[in-house]
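> My questions will all concern the structure given below.
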Amino acid sequence: MTIYFGWLDYVVFGAMLLSSALIGVYFAFFASKRQNTTAEYLMGGKTMGMFPISMSLIASYISGISLLGLPAEMYTYGTQLWAIVLSEWLVSLTVAAVYLPVFYNLHITSAYEVSAARMLQAYLRLRFNQKVRLLGSVIFIIKMMLYIPIVIYVPALAFSQVTGINLHMITPIVCFVCIFYTTLGGLKAVVWTDTLQTGLMFLGVVFVLAYGTWRLGGVLQVFRINEEGQRLEFFNMDPDPTLRHTFWTTVFGNYFGWLASCSVNQAMVQRCLALSSLRRARITIFIMAAGIFTIVSLCCYTGLVIYATFANCDPLATGAIRKSDQLLPYFVMSLAGPVPALPGLFMSGVFSAALSSMSTGLNSLCGVIFEDLIRPAYKTPISERAASFIMKIIVVLIGGACAALVFLVEHLGALVQAGKSLAGITAGSLLGMFSMGLFLPWVNSTGAMAGGIASTLLVGWMSLGTQAAIARGQLFLAPKPSSVDGCPTNASALTIIAARADYDRSGTFFLYRLSYLYYTLVGTAVCVVTGLLVSWCTTPNDPAMVHRDLLTPVVHRWLPAQHAHCPRPRPTELALPADHCTSLDRLHINPSNDKNNSSTKELHTEEGKIF
């Protein structure tokens, strides 16, 4: 018997959506008189505290893909993916010590580039040239357009499971609420809505797994049942790169994927630069790492609770659900449906995770599209009010386009793999381009351009080819064995699943069989190697002529002395190519650009503000 939402669940869920919308209204009309400036809309005026920024980062990276996908992964394929939490700490250290200081230093010294929506692309312009900057912007736009539709699909799928409403009717509602508060309130609305939604996300997950554990008899009982069901696996040390999950793919391979998500991600940098100092940004990163470690572990443990609950009656085998990603909503309604408001609280958490990720993506996308594609097309200055209005229109258009792409997402495989596979198309090229700029002063703009294009095309072919092979049945992801012995109507699903586990993949192209967690590593390596080769075949940069502010502090000690005629990058130098340094007397100042960004000179910071 299928259990759906009760009236109290709808009340709790509706309160979450209403609260999110009201936050956008508040920041649009009451909180600030400067909301109609690009700096306020994209950066929150650099007055944001560490607490809301930390919560926003956690909510941005823990999307509904994690809340639904990770429990389904644990249930279906075992716990090896849980090891990704180890690489997240290493990534936080890398970002804090290697990447963030460069971006923050350039940002502090440049009131002209106060909009962090331009920070990453501005770096590519400073280090290489305008063409490389434009390539970085295009790759970022592709990345977000591939990611946001999956984020929208997740809550629609879950809500459909618990209410019986068709997911294509739910999708426009999700998009409307998110577009509404993102369009009105800008970064401040996004950050504070994320803070609310992060709290709901934690509450929903903790309540569900705590209640499920209590029903099963405790944590030890949960692990015992999972061990009997062959779900517990943490140290598969097989080095075969075609194995989907091993210790090496989940720790070493995921390190590069997570590094790309944190170090050169527009949303990450935009929020860190909304803080008033590098020290506060670093603290925020480690708070984010702790929060992500906690919520990922909770999601993975939830998967163990679900398996322990359905160990003898697999809902996939019985046809109760059609996709593994529906396991968590089915579990909530089966176990906690009679508990008043608990299903509504859970769905609020899932929707919160999805809304926060979507709003973050929309806010970053509108900044990149406006600053890198629209503003340069205007020969006359754009007023701050007009710029703010244009960005809000961009949010609406991009949100609508992403909602339309949801129709394609439902044909992909498991959420976690589909999300990371598509992200790998652009993650490797972006990480490679920025890493070449930060670590390798010899690489020139031609090499960076060639590396970025080669990496995107190769990994795009691998990722889309793999998804197509899975859809055609040429690749089968063998699940762990399951049983229906305890179901009221017994069927021998165990025999079917065990037989398919011996599926031979040797006839499939090698790169299609490569673990999806290696995609970013492959993309980064191809980008760097291609960039180096092309640079050496053309005219490599003289390391002495690349300013140290454009290079990570980690490599300074091994570089030759900087040339005397290599001045520090300044706001007015952002209009110049950076294949070589230019002396101060050759600078060209663009008055229109100064006029366009005059409002940024009014920004002030508030040291010591945490909340």
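From the backbone N, Cα and C atoms, a Cβ is placed for every residue, glycine too.
Look at TrEMBL and you will find 590-600 tagged as compositional bias 'Polar residues'. Summarising the annotation, TrEMBL assigns compositional bias 'Basic and acidic residues' to 601-611. Residues annotated as region 'Disordered' in TrEMBL: 587-611. Feature annotation from TrEMBL assigns transmembrane segment to 6-29, 81-102, 134-159, 165-184, 196-214, 245-264, 285-310, 330-355, 389-409, 421-443, 450-470, 516-538 (among others).
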> Using a Cβ cut-off of under 8 Å, list the residues of the same chain at least 6 residues beyond the transmembrane segment (421-443) that approach it.
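Distal contacts: 98-99, 102, 120, 123-124, 127-128, 132, 135-136, 139-140, 142-143, 146-147, 150, 256-257, 259-261, 263-264, 451-453, 455-456, 459-460, 462-464, 466-467, 516, 519-528, 531-532, 535-536, 540-541, 543, 546, 550-552, 554-555, 559.
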> Where else in the chain does the transmembrane segment (245-264) make close Cβ contacts, counting only residues six or more beyond its ends and a cut-off under 8 Å?
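Distal contacts: 61, 77-78, 80-84, 86-88, 90-92, 94-95, 98-100, 120, 234-239, 285, 420, 423-424, 427-428, 430-431, 434, 515, 517-521, 524.
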> Counting Cβ pairs under 8 Å that are 6 or more apart in sequence, does the total for the transmembrane segment (134-159) and the transmembrane segment (165-184) reach three or more?
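Between the transmembrane segment (165-184) and the transmembrane segment (134-159), which are separate recorded stretches, there is contact, as judged by 3 or more close Cβ pairs.
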